[in-house]
């Protein structure tokens, strides 16, 4: 759909479709976002997932977070039936990497910034020997046990904190990841990425585990934990709290976010980062999770950030990353696209076709 030539006060010039699960809609597409987007010439339209995608729209831009294989087939049909019409963000092939905790954090090793991933091992065999696995990976307790698949279900967020070996054995019934738990002062830094913008929010996290807890044989060997990182912490200088330098420097956060964005080939995601402070090693940062298309309503000022991003994508003013992320899912269309601009279902002007 070509943009209409109209003033900002007239009807929207662009149509952005969104295909999200119901629970995701409520955490992203709020009235405040709809109003701001409309005021700036963008109309947000929900995709009816019960109807063929190719029969809807047309859309200038399509954002999505759907998990079933049928959705990818619908994107391919949309490209075939309406070539050169819609830009899709982000590409299914790039998103796939974040739906498997075995590959989710691989990108971190390629970053140029001093950040890493806690040691972890993938358990794919229910008959695996716990001692052998732990020894081979050189893991130390406590551990976090995470389901291998990330599919939006409640089960994919069912995690446990494991204090000793006999807490591991009951968990080996399903594919999972065992990751070392790093004491981090009960503070998690959740970084929201929208295009080239990164916003860091301090949130509560699991408290540190004292050494004596690992030796307490009368205590439970493992315990489930809910996702308690959704509550923002007070500013670091409130009520005698942490020092002013508690939150990572903005330049550091931006550099990490930029590296992840280029390595993943994604525009919309967040990542969880923690910091270990010790006299032996000083400050060490770890990335423990990356999530595609998070609940942006928890990000301060998300309405303006998303609206700006939509317009940049639609107007072709997005900065060009160094490389396209792994696998577009629609390879023949992705070749028409500037690196990092999603799936190229829209033909780009020849002047913008080169990176």
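Just so it is clear, glycine is given a Cβ too, placed from its N, Cα and C backbone atoms.
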For the record in Swiss-Prot, which of the ranges 225-248, 249-272, 273-296 is the region 'Disordered' one?
225-248
Among 157, 190, the one of these binding-site residues whose Cβ has the fewest neighbouring Cβ atoms within 10 Å:
157
Pick the one among the binding-site residues 272, 289 whose Cβ has the fewest other Cβ atoms within 10 Å in this structure.
272
C-beta crowding around residue 291 (1D-myo-inositol 1,3,4-trisphosphate binding site), within 10 angstroms:
17
